[in-house]
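Single-structure report; data block below.
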């Protein structure tokens, strides 16, 4: 066993002595040592219950004959970090999470690992660490929050953000806003729609590294604790058989994950995260795969923020394995990839049942004929940009409008809420990329303001920043190269016409080639002052969004 390096031989008496200080017995020294990394804390709603999930994992490890050891990592709630300096640290925290786990699991040679995350950057950060370390591993998340209820309908955090915009234009009164605020988030779990956290936890199932139900079983259901025990049992079996993450996760696994992402209409952030995770697993993954597959995979699940359903409804309908059953029915699922169950995913999916034909529609009756995400290219995005196609209003699928340019998200939000943005405008927010922010903040407030102000069917927004999984509308993020790296988004001027064609996947600045070249030659990127040592280092090392916003290799 990997842990024998600290357990066996006379020379390891000091190591055993320290382990015995923890209460470890001689009998336990002969068993597999299982590390359990948890992002439990008392400030994130998605994490506040992870201590209970961890206790269930520990029970499962012991049931299977292993010895559990819990260690922590950090986490940030993007909702609480929104609209202030804290959002600059959200995406950068992903790299710290992966690094910190790699450090601990290298300093202590565990035989296996169980990863217990739940929210936006924590799940991908842990998956990156899993790929780097390549130790027998299972991921079990904390699960989604239940939707809130107000006035006879399900609501969630995005309802609150959009109600703020509604209040500004007199569509929502203060009493209603307060009621929505009080009821939207009823308890523990990752926010209830198909936002980034729930998308990533769902894709962990599709990759074969998490138990069935990982992405959809509600946080407060007892089934979540039973799944956590199962995760503890499974990891010990993987250790005994020496089955590592890279034995399970292949390019075909990523293709399954992308197809699930497209079919469900997942978060645009998955493009960033899957690219980064694939790199950690040593897999060459081109983001163009999203666009190639989106032409084949229809959008079949209408889940918040683009539809009326929530994650609990998807769970009731059969969950992610039922979505994969639709892929299997149409001959698209890569069936031969392995899973933590030591069974091929095709065999497991055959056992799944689709329990609601509207929540998980058949391919011949989709919500949209193409997948939920698209990659756009053009003179404004030579390395690509990302859009949530499932959230684009039909009348905005092709749009030409004048640019209204902002150098950060706050100024854009103020302009939108004060009525300065008119129908037909294209809001351009730049210097919000990985390097330029730094930190590639989410532009949830400006997009929610557009919706709340009643402009969602008339105004587009493009940015080198990113979006919350809760953003929807004619919005395009991850424009690459970013302005801070000399990208063409930096040469856009107020009043310039911008053409967006979601059908053709193009994003272009409508000026002459000569004018374009002249501006690019004269362009000097704005350099912002950065008041954080970590963010200065992050900005120095981070790569483009098209490369997953990972660090450059030394």
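Cβ atoms are placed via backbone N, Cα and C, with glycine included.
Among the features that Swiss-Prot reports, Mg(2+) binding site is placed at 78, 120, 121, 442. As annotated by Swiss-Prot, [2Fe-2S] cluster binding site applies to 119, 191. Under the heading N6-carboxylysine, Swiss-Prot lists 121, citing sequence analysis as support. Annotation source Swiss-Prot lists active site, proton acceptor at 468, citing sequence analysis.
This view paints the features noted in Swiss-Prot onto the structure.
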residue: 78; record: Mg(2+) binding site; DSSP class: helix
residue: 119; record: [2Fe-2S] cluster binding site; DSSP class: coil
residue: 191; record: [2Fe-2S] cluster binding site; DSSP class: coil
residue: 442; record: Mg(2+) binding site; DSSP class: strand
residue: 468; record: active site, proton acceptor; DSSP class: coil
Same chain, 6+ residues apart, C-beta under 8 Å of the C-beta of residue 191 ([2Fe-2S] cluster binding site), given in sequence order: 45, 46, 79, 144, 145, 156, 157, 158, 185, 197, 198, 470
Fewest other C-beta atoms within 10 angstroms, as judged across 78, 120, 442, which are the binding-site residues: 78
For residue 468 (active site, proton acceptor), the one of 78, 119, 120, 121, 442 that lies nearest, given that the binding-site residues are compared by Cα: 442
Long-range Cβ environment of residue 121 (Mg(2+) binding site), under 8 Å and at least 6 residues apart: 75, 76, 78, 90, 91, 93, 94, 97
Extra residues within 8 Å (Cβ to Cβ centroid of 78, 120, 121, 442), Mg(2+): 76, 77, 81, 87, 90, 91, 119, 196, 197, 269, 468
Close in space, distant in sequence - residue 119 ([2Fe-2S] cluster binding site), Cβ under 8 Å, 6 or more apart: 39, 44, 46, 47, 75, 76, 77, 78, 190, 197
Neighbouring C-beta atoms (10 Å sphere around the C-beta of residue 468 (active site, proton acceptor)): 29
